Amino acid sequence: MDELNINFDKYKNIRRTMGRELIDLNPIQRGGELPVESKKAIYEYWDGYSVCDYCGGRLDKVETPPICEYLHDVSKFLGMDFTRPTHGARESKFIVMHSVCNEGDFVVLDGNAHYTSFVALERAKLNSEIVEHDGYPTFRVNPEKYAEVIDNLEDKNKPIGLILLTHVDGNYGNLADAEKVGKIAKQKGYPFLLNCAYSVGRLPVNGKKLNADFLAISGHKSMASASPCGLVSIKGEYADKVFRTSKTHPVKEIEMLGCTSRGAPLISLMASFSHVAERVKNWDNEVKKTRFVVDELEKIGFNQLGIKPKQHDLIKFETPILDEIAQKDKRRGYFFYEELKKRGIGGIKRGTTKEIKMSVYGLSWEQVRYVVDNIKEIVEQGNNI
């Protein structure tokens, strides 16, 4: 065999400094940091099919490690009936759409929906109808608009298969009124899917109390899990559709393609369960930290977008003051990223100064104040250029 001209050494020592050497402000990562117990558990199960040592043919039935018990317990935690592991919220959404809807049906969803909601419904050969938000600067989704969009589709005799709401969106961190949208869906007679990628695992969520029929959950985004991992949690009345089994291989659930996320990601999700169940009790304190950041940074020229006051940790700021400094600094738009990095802070997108997204979820008050003080210092120094 001819010798390959490949430098294999560069793949042997891959390492990452974010999170270990830098305070990570990236909202997509704040809820996914693993506690020590999860890192230890991964060590035991990082080999390929190690969770399948005692598998009887289906992942959700495995007793050692206690996957079966975990799925039962996490269903109670979520206020739902049945749960399965997935590779993430996007896969959870597709599973629901593909099993509950008919080809050509319409999915009614909010204007803040994540791109994966649209990709999932397109993959399932469905159509979308958007409930528009109220625009700048709040981008709020009005639950009553769902009723209007549904009525309009019904007047046109368009088939509706599913109502979808983004519980917390990834752009502005708006916490939507899921209970009201779920009530409208129930009154209209349509199943309701709640995308909880940024909520379950960060704040308390009870699916049935929110009138949800399905929850799409991200483990790596909000449940302190390695990636890729998520959950789909459902009401019992939909179990026969969502968890239907194969004609040729009766033990296998079709929508799961037999088995979904397994190995290290699933083990980390399970090992983090007690940590996650405990931290959601501190949600009020997380909101206080977030509002503190907003209050302090708006004093120096930042402007928080989205609903005020903040009800979620994800913050999006307009930052004209940073853009003004960038015009004077020889590093241009990279100055803010570089100044933060010097101070042991990361997670802000490189080269961005007009708008930034950040989160201090899970940080101590000391760390939060450190972040705020250093951003103030950077702006003060920039104003003196």
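Note: Cβ is positioned from N, Cα and C throughout, glycine not excepted.
What Swiss-Prot says about this protein:
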{"type": "BINDING", "residues": "ALA89, ARG90, ASN195, SER218, GLY219, HIS220", "note": "pyridoxal 5'-phosphate binding site"}
{"type": "MOD_RES", "residues": "LYS221", "note": "N6-(pyridoxal phosphate)lysine"}
- Query: Out of ASN195, SER218, which of the binding-site residues has the smallest number of neighbouring Cβ atoms within 10 Å?
  - Reply: SER218
- Hey, how far is LYS221 (N6-(pyridoxal phosphate)lysine) from ALA89 (pyridoxal 5'-phosphate binding site), Cα to Cα, in Å? 9
- Given the pyridoxal 5'-phosphate site residues ALA89, ARG90, ASN195, SER218, GLY219, HIS220, which other residues of that chain have a Cβ within 8 Å of the mean position of their Cβ atoms, reported in sequence order? THR86, GLY88, GLU91, SER92, ALA197, ALA216, ILE217, LYS221, SER222, GLY230
- Query: Which number gives the other C-beta atoms within 10 angstroms of the C-beta of HIS220 (pyridoxal 5'-phosphate binding site), all protein chains shown included?
  - Reply: 26
- Between any two of ALA89, ARG90, ASN195, SER218, GLY219, HIS220, the residues recorded as binding pyridoxal 5'-phosphate, what is the biggest Cα to Cα distance in Å? 14
- Note on the structure: Between the recorded positions ARG90, LYS221, the one whose Cβ has the fewest other Cβ atoms within 10 Å is ARG90
- Item | Neighbourhood of ALA89 (pyridoxal 5'-phosphate binding site) by C-beta distance under 8 A, where only residues 6 or more apart in the same chain count | THR116, ASN195, CYS196, ALA197, ALA216, ILE217, SER218, LYS221, GLY230
- Message: With DSSP assignments reduced to helix, strand and coil, which class does ASN195 (pyridoxal 5'-phosphate binding site) get?
- Response: strand
